[in-house]
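> Reproduced below are the annotations present in Swiss-Prot:
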type	residues	note
DOMAIN	12-60	domain 'F-box'
REPEAT	135-163	repeat 'LRR 1'
REPEAT	187-212	repeat 'LRR 2'
REPEAT	214-240	repeat 'LRR 3'
REPEAT	317-348	repeat 'LRR 4'
REPEAT	349-374	repeat 'LRR 5'
Amino acid sequence: MGSKKKCFDGSRDGISGLPDAMICHILSFLPTKVAASTTVLAKRWKPLLAFMPNLDFDESFRFDPRMTCEERRKGSESFMLVVDSVLALQAEANATLNKFYVKCEGVEQNSVLEWIPKVLKRGVLDIDLQIPSSRGFGSNSTFYPLPSEIFVSKTLVRLKIQFQDGANVNVEGDVSLPMLKTLHLDYVKMDTRMLQKLLSGCHTLEELLLMNLIWKESSEPEPCFVSVSVRTLKILKFSRFENFMKAKDFKPIVLLSFDIPNLVYLEYLDTIADKYEQVRFDSLVKASIGLCKTSKQIENDNNNVTKLFMGICNVTILYLTEDTLKVLGCCRETMPVFENLIHLTIRTGVHIGWKSLPHLLKNCPNLQTLVFEGMHHIYRKGRACGDVDEDGTCMCKNLDNMRVKKDIDACLSSSPVKVIKILNFGELCGFCEFCDVEEDVAGQIKQVKQFLETMPDLEKVILYYNTPEDEDVMKVFKKLKKLPRVASAKCEVQIISDNINLSFTFR
């Protein structure tokens, strides 16, 4: 076991007297590079590195923006040497490995990929690799292929790969990941057939994140059929790379199918599919939807996402982006009823109108909380509404059409909403030619007044005012307090800013 040593002050060194297994357990709680450096203090500990079950290499916090390129290069080389040394030590001992975590800037991605087969041979359960880009994701990305061994592991339970220089997923044979429960792939390129192969080999998958995904458009069939059908899946996050979504078009016709009866949480950000073949989310509780149109779909303007929203209409919590609000305008007459929805959050945008919002609120008979991220879309100098190029109504009191106003007020007066929260109240649109502080804030106040004057069940309205000026807060406070009438018999209005918190109650 080795003799017990005394520290320089005469006290006993309790750690050195512990059994090897206990010391190894203690070292496993340290970042691996730190654990390796402790061998300078006690040579007896060095062999124990071979049996550490969790390897944690996080060097990201060590890179100072003020470092020179040469200092960064030397730091990266030193980091890679430490990882190589520890992996070699563990390979020699043929020890089992639970977790392999790497996060470092400035490391060549292909070098990191070479570590994957080494840890797979050790029966690793958890791989987490996060390598920020040195060039920026996009056209300059290298898209190194992920090693094929990673897709036939019999031990992997969790796999997370985030290479911001991009990674390529392409496996010749079958995929077999019988133990995999969590799969995160961020900044990856693959074709839809590879996605089908990947999902078919994950029979116990519970959490799937495919973020910043790029389809290999040139290799896609026509039409392109994408089916996500994993019975065990509970969490799904799917988004395509933002710049790719803004490109001209995804050329093949896309037919999309979701058959995930046990899914609880969905985050879906994409362009609208040409057709939703099947949408089945029987157990869905919370969803975040971000849909936008391709240039071709904007020209045709005949896209209908009714089937998709029919599939998620049983949610209790829903988040919609501003583009999704615009897309919903295509199915105002066929919008499903969200019977279970109690919490709705809407992100607003300066170019997006609210013409679909009255229809949406009308179809939420049990909605309790309504949250707006910003109050954008109207109040821009020389313009009446953010939907200037579209027909239809917008939930806006600036409209002179009394019939339209009557319809909107009728919709709001039947809403059961009890709480309205407005985040970033007072935030300007950000376009210099349209920005007018007084006009923007006055318009946002007018919208809040409309809620107060027409919604009878309101119990609380909270404005999170985006201003450091207390005087601005006081102005809004006084204007709202002077309202001659409100629809609710008892409604509290609260204004929260950086410095003060004001509230009053209508009685």
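Keep in mind that glycine also has a Cβ here, set from the backbone N, Cα and C atoms.
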> For the repeat 'LRR 3' (214-240), find every same-chain residue at least 6 residues outside the stretch whose CB is under 8 Å from a CB in it, and list them.
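Hits for the repeat 'LRR 3' (214-240): 166, 188-193, 195-196, 199, 202-208, 250-271, 273-274, 277, 290.
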> Give the residue counts of the repeat 'LRR 4' (317-348) per reduced DSSP state, in the order helix, strand, coil.
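Result for the repeat 'LRR 4' (317-348), in helix, strand, coil order: 10 helix, 9 strand, 13 coil.
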> Over the repeat 'LRR 4' (317-348), what is the model's mean pLDDT?
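Taking every residue of the repeat 'LRR 4' (317-348) together, the mean pLDDT is 92.
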